[in-house]
Amino acid sequence: MEWTAMEINPEMMSKLGVGESWHFVDVLGLEGEQLSAVPRPCCALMLLFPLTQQHESFRQQQADKVAENSEVYFLKQTVVNSCGTIALLHAVANNKSKLTFDTDSALKKFLDETANMSANDRAKHLEKNQAISEAHNEVAVQGQCRPEADKVNFHFIAFVNVNGQLYEFDGRMNGPVNHGGTKDESFITDAAKVCRGFMEREQGEKNGNPACAPAF
């Protein structure tokens, strides 16, 4: 199964019935002054980066660091080109208590239906969810950047503060990675530090360094 390749688009939130009390902002850099421009509190940070051999080797080394925590909502990515929406789902699902939803929110319905499922069963449920796939594809064709499906080699992940722990959510893995303690006031700085690790691993890579997507 394959969805339309897309750039992350804040409009996806309203399409899926998430209230307007929270919104995305662009993160222009990972250093102090640039991070200080991000409004607080910040619930999640999303990162876009190239899928390179360096990254795949690093992921193999991380296999034993996958966390098993029933308090964390995680789902596998089984649909091609769905990583932006998967990252959004991870950001919203793990901040569900802080958000408001429209009464007919397709995303709220999906999260309620999958609350007690395994990561793999959640993925299967997403494959069948017409409302979310239609919202994804509709937003994808409206983006300023129209990536060609056979040339997509970039990937979205999300970082979220869940009960004082900094988790990294990547649907290509078997679970989230716990990067240790964090606080609301330091979350964006702590997450940026992990993001800088992605950049350092890709020094000299012809596709360039990872680019931060919105924080929310």
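Placement of Cβ uses the backbone N, Cα and C atoms for every residue, glycine included.
Record features (TrEMBL):
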DOMAIN    2-216  domain 'UCH catalytic'
SITE      Q77  site 'Transition state stabilizer'
ACT_SITE  C83  active site, nucleophile
ACT_SITE  H155  active site, proton donor
SITE      D170  site 'Important for enzyme activity'
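When pLDDT is averaged over the domain 'UCH catalytic' (2-216), the result is 83. Taking the C-alpha positions, the distance from the residue listed as 'active site, nucleophile' to H155 (active site, proton donor) comes to 6 Å. In this structure the C-alpha atoms belonging to Q77 (site 'Transition state stabilizer') and D170 (site 'Important for enzyme activity') are separated by 8 Å. Cα-Cα distance from H155 (active site, proton donor) to D170 (site 'Important for enzyme activity'): 9 Å (rounded to the nearest whole number).
Proximity of D170 (site 'Important for enzyme activity') to non-local residues of its own chain (separation of 6 or more, Cβ distance below 8 Å) is seen for H155, I157, P176, V177, given in sequence order.
Burial estimate for the recorded positions (Q77, C83, H155): highest at C83, by number of other CB atoms within 10 Å.
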